[in-house]
Ligand SMILES: Nc1nc2c(c(=O)[nH]1)N[C@@H](CN(C=O)c1ccc(C(=O)N[C@@H](CCC(=O)O)C(=O)O)cc1)CN2
């Protein structure tokens with residue numbers, strides 16, 4: 001039996017509609033339009049696509065966007081100055097700095113300067129800390145979106161084993177926190193893990209966030225497991241054309257898993273939908289309004 005394909009694009013579009021309704025409600029009750037500032041530094045083609053998609057999503061969600069596109073050689077001080085300006089702008093409820101930044105700019109310094117109450121990406125150390133102690137704050141968008149997809153197919157994770165492959169600050173570590181909050185028994189695996197295939201085979205929920213195309217094979221997956229593929233890798237096909245693949249060998253994995261996210265159309269659209277959700281949450285919080 002082949003796996004249920006978790007349609008992240010459809011679920012993200014449904015979320016956009018819910019967000020739009022809530023944004024309109026906030027505007028009607030408090031005269032506040034949620035606002036998201038998006039900063040892109042440089043010409044990385046993938047980043048440009050993601051930013052374009054984020055700005056398109058703001059329009060679908062009734063969120064006002066403030067777009068800042070800066071040249072690749074922009075000095076760090078200029079980016080820091082822009083962040084400060086946005087921190088002080090009452091029309092801006094969320095600030096997003098697209099990563100990666102060019103090498104002359106210290107990402108930690110920029111992310112650390114974002115007002116934690118406007119940190120729509122959830123990367124500020126204060127929000128990282130709040131998540132780790134289970135207090136309300138901003139949750140990074142990719143893990144938040146992945147958790148929503150998991151909940152759709154398995155609402156109760158008590159007694160379930162989850163394996164997160166990858167330990168990045170923006171995906172792996174926050175994903176572990178969210179799975180723990182849902183009472184899963186969580187293992188974090190990474191490049192130094194011994195016998196990674198065997199560890200993956202223990203997972204009822206397997207989250208792949210390694211950034212290596214199709215690394216996780218079908219026979220690494222426990223039959224019936226939920227597989228969440230966070231990877232977005234551009235590879236060349238034999239005909240020389242490019243295509244997107246995840247970190248999981250999808251065609252093999254779907255024959256073993258119970259449910260699986262595709263790439264594209266799985267976690268990616270949910271990342272963007274959760275950025276909208278974080279911005280909406282922030283606007284409600286700032287306005288002192290009830291959802
Ligand atoms: N400030 C941030 N920078 C980056 C983040 C982030 O969450 N915040 N994550 C990634 C990139 N990313 C969001 O910015 C992102 C990646 C992919 C998608 C997406 O929808 N992918 C589509 C395919 C799109 C394509 O054709 O290339 C899909 O999977 O269906 C959304 C957001 C790094 N930087």
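All residue numbers here begin at 1 and follow the chain in the order shown.
Glycine is treated like the rest: Cβ placed from N, Cα and C.
Note that the structure is a prediction, hence the values are computed from the model and not measured.
Look at residue 167 (NADP(+) binding site): DSSP puts it in coil. Taking Cβ-Cβ distances under 8 Å and a sequence gap of 6 or more within the same chain, the neighbours of residue 167 (NADP(+) binding site) are 173, 188, 190. The NADP(+) binding site annotation in TrEMBL covers 166, 167, 168, 232.
Predicted-model confidence for the domain 'Tetrahydrofolate dehydrogenase/cyclohydrolase catalytic' (6-121) is 98, expressed as mean pLDDT. The domain 'Tetrahydrofolate dehydrogenase/cyclohydrolase catalytic' annotation in TrEMBL covers 6-121.
Positions annotated as domain 'Tetrahydrofolate dehydrogenase/cyclohydrolase NAD(P)-binding' by TrEMBL: 140-285.
Remark: residue 168 (NADP(+) binding site) has 209 as non-local neighbours, by Cβ distance under 8 Å and separation of at least 6 in sequence. Secondary structure at residue 232 (NADP(+) binding site), as computed by DSSP, is coil.
Less than 6 Å separates the Cβ from ligand 1 in the case of 232, drawn from the binding-site residues 166, 167, 168, 232 in sequence order. In terms of DSSP helix, strand and coil, the domain 'Tetrahydrofolate dehydrogenase/cyclohydrolase catalytic' (6-121) has 62 helix, 18 strand, 36 coil. Residue counts for the domain 'Tetrahydrofolate dehydrogenase/cyclohydrolase NAD(P)-binding' (140-285) under DSSP, helix first, then strand, then coil, are 54 helix, 30 strand, 62 coil.
Taking Cβ-Cβ distances under 8 Å and a sequence separation of 6 or more, the neighbours of residue 166 (NADP(+) binding site) in its chain are 172, 189, 190, 207, 208, 209, 210, 211, 230.
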